[in-house]
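Copied over from Swiss-Prot:
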ACT_SITE  D692  active site, proton acceptor
BINDING   L575, G576, Q577, G578, G579, F580, G581, K582, V583, K596  ATP binding site
DOMAIN    569-842  domain 'Protein kinase'
CARBOHYD  N142  N-linked glycosylation site
CARBOHYD  N233  N-linked glycosylation site
CARBOHYD  N261  N-linked glycosylation site
CARBOHYD  N295  N-linked glycosylation site
CARBOHYD  N405  N-linked glycosylation site
CARBOHYD  N420  N-linked glycosylation site
MOD_RES   Y641  phosphotyrosine
MOD_RES   S726  phosphoserine
MOD_RES   T727  phosphothreonine
MOD_RES   T732  phosphothreonine
TOPO_DOM  25-517  topological domain 'Extracellular'
TOPO_DOM  539-877  topological domain 'Cytoplasmic'
TRANSMEM  518-538  transmembrane segment
Amino acid sequence: MGNFNFLPLVSFASFVVVLVLVCAQDQSGFVSIDCGIPEDSSYYDEKTDIKYISDAAFVESGTIHSIDSKFQKKNLEKQFQKVRSFPEGKKNCYDVQPPQGKGFKYLIRTRFMYGNYDNLGKAPDFDLYLGVNLWDSVTLENSTTIVTKEIIYTLRSDKVHVCLVDKERGTPFLSVLELRLLKNNIYETASDSLMLYRRWDLGATGDLPARYKDDIFDRFWMPLMFPNFLILNTSLMIDPTSSNGFLPPSVVMSTAVAPMNSSIEQIMVYWEPRDPNWKFYIYIHFAEVEKLPSNETREFSVFLNKEQIDTTSVFRPSYLYTDTLYVQNPVSGPFLEFVLRQGVKSTRPPIMNAIETYRTNEFLDLPTDQNDVDAIMKIKTKYKVKKNWLGDPCAPFGYPWQGINCSYTANNPPRIISVNLSFSGLTGQIDPVFITLTPLQKLDLSNNRLTGTVPDFLANLPDLTELNLEENKLTGILPEKLLERSKDGSLSLRVGGNPDLCVSDSCRNKKTERKEYIIPSVASVTGLFFLLLALISFWQFKKRQQSVKTGPLDTKRYYKYSEIVEITNNFERVLGQGGFGKVYYGVLRGEQVAIKMLSKSSAQGYKEFRAEVELLLRVHHKNLIALIGYCHEGDQMALIYEYIGNGTLGDYLSGKNSSILSWEERLQISLDAAQGLEYLHNGCKPPIVHRDVKPTNILINEKLQAKIADFGLSRSFTLEGDSQVSTEVAGTIGYLDPEHYSMQQFSEKSDVYSFGVVLLEVITGQPVISRSRTEENRHISDRVSLMLSKGDIKSIVDPKLGERFNAGLAWKITEVALACASESTKTRLTMSQVVAELKESLCRARTSGDSGDISFSEPTEMNVSMTVDPGVLPQPR
């Protein structure tokens, strides 16, 4: 549990208030870029008076587009009228040098609106990087969706690199890029960066967010109002100089929410993060907006996850002044909840004015060695290189600059080892800057217009093994050292196509014919000696490298077999028998876990196990079972998962669990499972095909939230007792994609088929294979298709539901399920389409009837409720 800090109130003289208001108009710490507007153009935004400039000076690639005219509405912010897209290259970057550089804290914001600018009608999905580290993924649902990504970051250098990385799911683009200078003494955390999760203006009556000029830092405060809450407000200014530094705007702090019923004793705000391992920092802003009579008080205690904030016993908001409670250490878990509980002596209920929540993002990847960066940037400037050379030369891994190759070793910055500038229009002499690229192994300067002599310093690059200077205009005599290295075999040297370049003294004054020279290596005793020495060194290097690679993937998540025995209490309790081995109950650091012991007959080898674990450790989603740790010791292999103790979807459908799922619960569980699969297909790199989607692999927690299990395992392990079955055909009869099964090739559409079958089970409550039916109607898809063709939806839906379902929605979901379970992959939906259909249906199901749930649920996953029951939460202390 993190401690909270309480920022006391400090009053300032009126002239300080005036000074702050004047500063509120100051944009000196702002960089506001409208991507896609003409070069050197600028304008002032009509609503905010912020000056926006063209992005042309900050990027060297991309194409400019206007969004579709039908989306250019009057109320659309001007910044979304144009975009810059990046159809070429895997990584494209913006380089921005803000007014204050290294060591200063900035709010960095990117905004995206597709607007069907390319007339393809398909919104893209791509990754967003800050420097060399993944910031977030950008997923747009449709043409009018506006996605905003915001991060608070202390600069490590004078420049900010914002990069878009193509995931082959549509062309990356950018609408707006904004930087806002913050005070270094606010949002102070141990984390490198804070990604905005939610920022709410509670009680705001408008639809638009508050921002600059109301907020001097131009933060977006989204309006949020809860049903059955009372809005409190004041026309007086909330003093923005209350000295906590956060300075939430007066327009935000002048409204608050409180329970409408005076008998309500508490407000509870909670949400379930998609990943229980996410770490959050929370900031709650309070200001009393009512002038209370002397005989009345408003005081309350604040709890986070049932523990009281470590301040005084009760908190009393100050009239017209802002106080901020914030968590000093990050909090995490599957369920985050903070409660405002009315004090015993209080005559007024609790209030809230504003909330900010941020998620940590540990930026662990290292940028390229600074010496190499300086050198390659000098080369770029010297030769006016016309390549997409922005951002980091080597990182992120897999996305180096065009013509650049790098070496990557653990805990060390990447180094540039190869530079290919052939056909780059280079002119002038070979610059001495190349000698500063000390790890350089390959240098290709061929097919340019370089002049002058070949410099001696190239022979002094210790690791250089290939040098190509062909087809230039070089003159003079080839340096003796280079010639010697070529002869002894330590350097592959190409200098053909330089008519005035002499490779020996005899041709000093002789014009050579235009031909290709490839200087052969000389087979000599010395050459053999160096070759043997190189082979020995290479063998030792590979041996060391192999010894490193066979170590634990992540020591923090690696457990010895003896620890597994202890965690499971010597394998005392068996939870179940999975396809890959038994699953045991365990307790790890006070938390329940499920340990899957992979049977010795199922393991395909350590390399496959390592690759599987390495992939699974990176997969995090609220609808996927979280992998907590692993073990590989000798022939013992185990995977440690979070514990889900409420059974599987199969238990509910088969009647093993006596509870009957309502229609809405079935839709929610189906949506959860679909979202998990959609993440495996589109949110993982490389994509993961589950290959064994079925109800028993969909676990249900106590809140009836579904989580997919056993994803990925079928790629590296065979089913126990079925060791002769190819890993390519893992799956369960009835759920197997018939088209791919026959070819033994599986894809995402194979999972779509299996999910369609599961969805039919959820709708009907019937088994997949019916032995009592004729051969052509044994499979559930055949039976449902036949009944649907007769227009009899009631005979399709599970009779246990009675009349408690929407026939129109049932018809629609049945059609979705059959479209998924189509025998032809071409006619099947994608999981993204399935998720969209289920979301819409669930929304309609919830609005068409009264669920009896008193909580208010936002699509943002945050919920608020009021209660008068003091027993469910801790008492004030």
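Every residue, even glycine, has its Cβ placed from backbone N, Cα and C.
Least crowded of the recorded positions (N405, T732), judged by neighbouring Cβ atoms within 10 Å of its own Cβ: N405. Taking the Cβ of N420 (N-linked glycosylation site) as reference, residues of its chain lying under 8 Å away and at least six apart in sequence are, in sequence order, G403, I404, N405, K442, D444.
In the structure as shown, the Cβ atom of N261 (N-linked glycosylation site) sits within 10 Å of 13 other Cβ atoms. Cα separation, D692 (active site, proton acceptor) to Y641 (phosphotyrosine), rounded: 18 Å.
The DSSP secondary structure for V583 (ATP binding site) is strand.
Each of the recorded positions N142, N233, N295, Q577 was scored by how many other Cβ atoms lie within 10 Å of its Cβ, and the smallest score goes to N295.
Not a single one of the recorded positions N142, N233, N261, N295, T732 has a C-alpha within 10 angstroms of the C-alpha of V583 (ATP binding site). Put simply, of the binding-site residues L575, Q577, G581, the one whose Cα is nearest the Cα of N233 (N-linked glycosylation site) is L575. On its own chain, L575 (ATP binding site) has V583, Y584, Y585, A594 as residues at least 6 apart in sequence with a Cβ closer than 8 Å to its own Cβ. The average pLDDT the prediction assigns to the domain 'Protein kinase' (569-842) is 83. Ranking the recorded positions N261, N295, Q577, Y641 by the distance of their Cα atoms from the Cα of N142 (N-linked glycosylation site) places Y641 first. Secondary structure at N405 (N-linked glycosylation site), as computed by DSSP, is strand. In the structure as shown, the Cβ atom of V583 (ATP binding site) sits within 10 Å of 19 other Cβ atoms.
Note on proximity: of the recorded positions Q577, G581, Y641, the one nearest N261 (N-linked glycosylation site) is Y641, by Cα distance. Checked against N295 (N-linked glycosylation site), the recorded positions Q577, G581, Y641, T732 differ in C-alpha distance, with Y641 being the nearest.
Cα separation, Q577 (ATP binding site) to the residue listed as 'phosphotyrosine', rounded: 15 Å. For Y641 (phosphotyrosine), the Cβ neighbour count at a 10 Å cut-off comes to 22, with all displayed protein chains included.
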